[in-house]
Amino acid sequence: MSDSNSPITSEIPAAERDLWLRKAQTLSDALPYMCQFGGKRVVVKYGGHAMGEEALALQFAQDIVLLNQVGIEPVVVHGGGPQIKKMLERLKIQSEFIDGLRVTDKATVDIVEMVLAGSINAEIVTAINRSGGFAIGLSGKDGNLIKCRKLARTKKDPDSSIETVLDLGFVGEPVEVNTHILKHFEQSDIIPVVAPIGYGEQGETFNINADTAAGSIAGALQAARLLMLTDVPGVLDKNKKLIPDLTIADARRLMEDGTISGGMIPKIETCIEAVEGGVEAAVIMDGRMPHAVLLELFTPRGAGTLIRKG
Ligand SMILES: Nc1ncnc2c1ncn2[C@@H]1O[C@H](COP(=O)(O)OP(=O)(O)O)[C@@H](O)[C@H]1O
Ligand SMILES: CC(=O)N[C@@H](CCC(=O)OP(=O)(O)O)C(=O)O
């Protein structure tokens with residue numbers, strides 16, 4: 001393959017030629033993975049913390065376009081927690097969290113929808129389109145994509161065992177994902193970018209945790225992968241070392257012994273639910289790493305923690 005005496009390569013300085021050949025080899029090495037995922041659906045959850053500087057956001061967008069170009073069906077579901085926080089602070093609206101979920105009153109849900117379905121969604125769509133793709137922005141209201149009911153949470157008092165119902169306001173729990181609109185874009189160059197906003201029976205607007213929304217969409221699409229882009233390398237063990245693979249049973253054990261805590265718990269629960277619901281595997285990975293999505297899908301080592309059934 002690397003005939004250094006060929007008329008094309010003999011003219012080129014050796015270092016440059018080796019670099020070209022390495023690039024060509026990298027592309028060639030990706031071929032089996034492109035064949036593996038070609039025609040399959042990959043849902044990418046792009047978290048608010050993973051949306052770093054502009055250069056990184058453009059790189060993410062290019063990676064998504066590349067997936068589409070090689071025949072994979074990517075669906076981007078984005079978050080925006082830090083961006084909502086900033087806007088609420090600017091408007092002097094207080095916000096509190098229960099179990100990692102934002103308590104969402106009417107004024108807050110209007111802001112959440114504006115930030116998620118408005119500015120962030122448009123930014124991601126623009127980045128993908130600047131990278132040569134054809135992205136289309138949707139919220140869970142479009143095409144009846146995500147029907148919700150009000151999320152019911154209870155809290156048990158450890159002393160009295162009395163359960164109290166917590167009111168999180170307009171926080172939605174997906175009850176039905178209608179994939180009609182997403183399937184409509186398959187086998188085309190159109191890339192759906194979904195904001196985690198849902199609709200209710202009475203026409204209400206619901207704020208959905210973005211991990212939950214991505215998991216529900218991945219399950220409904222029976223995706224080959226659910227990629228959760230966050231701001232840690234993946235699931236870390238007690239010594240802060242990355243765990244590359246987990247079965248559902250392993251993940252449950254790590255939650256029980258406290259290795260997995262805080263914001264990682266709902267993430268893992270979403271992955272478990274998605275995998276139990278028919279998604280081949282879910283991956284928790286660092287979205288701030290350049291080309292994280294390509295590394296995960298097109299290299300033998302992958303990029304983060306891969307969770308599969310057993
Ligand atoms: N075992 C673990 N491995 C990695 N992260 C963990 C673990 N246990 C708890 N965490 C916490 O989970 C956080 C990721 O969840 P979260 O902040 O909700 O992410 P996002 O905002 O991207 O949805 C990490 O920043 C880390 O503090
Ligand atoms: C109910 C609920 O908490 N909704 C989230 C939606 C955004 C989100 O989940 O964004 P990240 O993925 O960036 O955290 C919120 O209001 O912050």
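Just so it is clear, glycine is given a Cβ too, placed from its N, Cα and C backbone atoms.
Because the structure is a prediction, the values reported are computed rather than measured.
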Quiz item: According to TrEMBL, Gly80, Gly81, Arg102 bind substrate; which one of Asn178, Asn207 is listed for that same site?
Solution: Asn207
Quiz item: Non-local Cβ contacts of Lys267 (site 'Transition state stabilizer') (under 8 Å, 6 or more apart, same chain)?
Solution: Asp211, Met228, Thr230, Ile284
Quiz item: Over all shown protein chains, what is the count of other CB atoms within 10 A of the CB belonging to Asn207 (substrate binding site)?
Solution: 27
Practice problem: Express the predicted model's confidence over the domain 'Aspartate/glutamate/uridylate kinase' (40-285) as a mean pLDDT, rounded to an integer. | Solution: 95
Exercise. Mind checking which of Gly80, Gly81 has the fewest other CB atoms within 10 A of its CB? They're the binding-site residues.
Key: Gly81
Exercise. Could you work out which of the recorded positions (Lys45, Arg102) has its C-beta surrounded by the smallest number of other C-beta atoms within 10 A?
Key: Arg102
